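Listed in Swiss-Prot:
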DOMAIN    39-154  domain 'tRNA-binding'
DOMAIN    408-483  domain 'B5'
BINDING   461, 467, 470, 471  Mg(2+) binding site
DOMAIN    708-800  domain 'FDX-ACB'
């Protein structure tokens with residue numbers, strides 16, 4: 001937003017330099033990105049009166065002009081502008097003057113004729129060509145009315161000014177207007193804010209006799225208002241208005257269109273002007289567009305509409321795309337006599353979707369998207385009517401023709417001085433706090449220390465007590481917050497918490513295994529929000545997402561990790577191993593806060609060990625991924641159990657469910673081939689674990705055990721079992737019968753093939769026996785070993 005200091009003084013007059021004002025505004029949270037000084041690099045620029053023009057004797061495209069600069073004698077200037085003419089009042093750079101770009105004006109001879117100065121175009125004095133009025137695009141600027149020769153030209157065109165450029169955050173849409181900015185400045189300097197003139201001399205004719213309004217989509221258009229102005233005269237707007245628009249980055253068109261844009265900048269309320277005689281009916285109907293309905297917009301483009309678009313119609317055909325752009329056949333032209341001024345409230349989400357889809361971003365649509373102040377809708381329409389009466393000679397008809405309800409202009413919020421002072425460390429009285437709010441234009445009521453603040457609709461960033469406290473701190477001054485040392489009841493030395501220590505251990509373990517940490521977005525598309533989710537829980541969707549791809553809170557970390565791996569592989573980084581520790585979100589129904597759960601996820605693809613000088617290479621596989629997970633469990637002193645399972649998105653035969661103390665906490669598996677192919681990935685393996693559940697169980701340390709004083713005994717067994725029997729089932733049987741001397745087990749071979757029946761496999765297991773208190777005897781080991789073998793036989797295993 002570009003804020004002209006000359007324009008701002010209409011509403012609030014502060015005796016401060018623009019630099020000081022910009023610094024004060026920045027300290028309150030609105031960043032002033034730049035200050036544009038139109039007087040910079042300009043010297044000796046005055047108004048000149050062209051007394052005569054004669055053709056240059058030696059050049060067809062040059063003219064010799066005698067120009068009165070308010071001095072004793074006129075000066076001769078050779079000018080090549082095609083629109084220069086006798087009697088004009090123009091901008092002249094005198095000899096010794098300077099123009100932007102380091103141009104110095106000197107006496108010169110042009111094709112043999114003396115020239116003492118330069119008649120200037122707007123571009124030559126620093127005005128961008130994209131905001132220069134079209135009739136001056138290829139020539140000099142000509143004043144529409146006589147100006148005393150010798151007058152400072154910058155003052156004559158209101159460029160003796162400095163303009164602040166605001167870099168606004170989306171929550172401060174109120175500062176997208178001159179009036180909104182004036183409220184802010186008035187509060188900062190505790191001065192009065194003057195509102196614009198609104199009252200017109202209305203005729204006795206009523207607009208209600210000429211126009212009716214019907215809104216069929218009140219959920220998208222809660223309020224639609226119009227006024228009618230007759231007998232307008234189309235022409236240029238006054239110089240001061242033209243140059244205020246230019247300084248705000250808008251090209252002047254004509255008085256009617258300029259007034260619409262002027263009020264937009266003044267109030268932040270988009271308006272639209274219809275040519276009443278071109279509407280084609282006395283009825284305006286607002287509705288949703290019909291699918292594949294078409295209309296031609298002001299830019300001359302034929303637009304195909306969707307049923308999500310809002311259209312303004314004459315009861316039959318669209319005459320405007322609501323909140324985005326008008327239609328071409330009802331636009332204001334030089335032949336326009338009567339205009340209908342429209343002000344409305346449109347649904348921000350609908351406007352954003354329409355403007356983005358059609359690539360029609362404008363000053364109006366951007367304001368509707370952020371939400372407009374209901375208190376300013378009718379004021380802005382009345383202001384436009386006042387300006388049309390004054391600068392377009394229009395006659396304003398009495399009465400407003402509208403549909404809907406503006407609702408409340410304020411949101412009441414209660415607060416106390418004690419709450420304010422405890423939060424920000426001030427020591428303000430009720431009166432001082434109330435004064436700050438009233439300077440901001442907020443009405444207040446104080447009942448026994450309970451201050452009710454009525455927040456106006458223009459301040460959509462204020463909805464809770466803490467927002468009000470922030471306003472007090474901003475306006476009173478962050479610099480005024482006293483410095484205090486923190487006071488602690490129980491002072492302890494800084495150290496890692498138990499959870500932080502465990503997390504550091506997990507990260508070191510994963511990074512030691514070659515995985516890199518990733519941090520991905522918490523928001524995913526609605527279609528992928530429940531991918532890989534173990535729980536069937538509601539999702540949480542944003543009310544106003546910035547894009548469909550980031551509209552819903554995730555229930556798994558894997559969708560974005562898969563995207564990250566796909567991105568790397570597409571750029572020839574084919575060996576990727578990532579992990580992430582982050583939160584996922586599960587809904588609890590309407591009106592309930594969601595559950596936030598921390599997860600640990602990983603993804604591996606390509607080679608785990610690259611080709612080395614030894615010629616060895618090891619690709620990522622299921623068991624390697626499982627080994628990474630088991631290593632985490634070992635570091636946290638946890639015992640994971642694994643069983644075959646199925647998860648949507650994973651290979652049905654290469655997936656294991658991970659459980660802890662009988663509760664499922666995650667899974668390991670290979671990406672389903674279809675999903676992998678869709679992401680241009682080869683075999684890719686993932687794991688996801690409920691990190692919170694792991695932290696609850698983990699003791700975070702490993703008990704010390706001394707080196708055994710007595711030797712252990714190992715026995716190897718080979719078991720022939722059915723193909724569907726898993727090694728974990730066999731190990732479970734072994735441990736159940738191993739008594740207290742079975743120290744460890746290890747599966748060291750699995751064989752399928754010759755010498756075995758079809759549907760059979762052989763699993764070789766090493767059993768380690770140890771007694772920490774006594775020397776093991778063969779009798780005791782044999783007894784326990786035989787017990788284990790008998791138990792295995794009962795479950796169908798054949799001892800080989």
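Please read every residue number as a count from 1 along the shown chain.
Every residue, even glycine, has its Cβ placed from backbone N, Cα and C.
Since we're looking at a predicted model, the values are computed, not measured.
Neighbour count (other Cβ atoms within 10 Å of the Cβ, all protein chains): 16 for residue 470 (Mg(2+) binding site). According to DSSP, residue 471 (Mg(2+) binding site) is assigned to a helical segment. When Cβ atoms from all protein chains are considered, those within 10 Å of residue 461 (Mg(2+) binding site) total 16, not counting its own. Shown in sequence order, 459, 462, 466, 468, 469, 474 are the same-chain residues outside 461, 467, 470, 471 whose Cβ sits within 8 Å of the Cβ centre of the Mg(2+) site. For the binding-site residues 467, 471, the largest tally of other C-beta atoms within 10 A is found at 471. DSSP labels the residues of the domain 'tRNA-binding' (39-154) in these numbers: 8 helix, 47 strand, 61 coil. Here the domain 'FDX-ACB' (708-800) has, by DSSP, the following mix of helix, strand and coil residues: 31 helix, 32 strand, 30 coil.
According to DSSP, the secondary structure content of the domain 'B5' (408-483) in residues is 33 helix, 18 strand, 25 coil.
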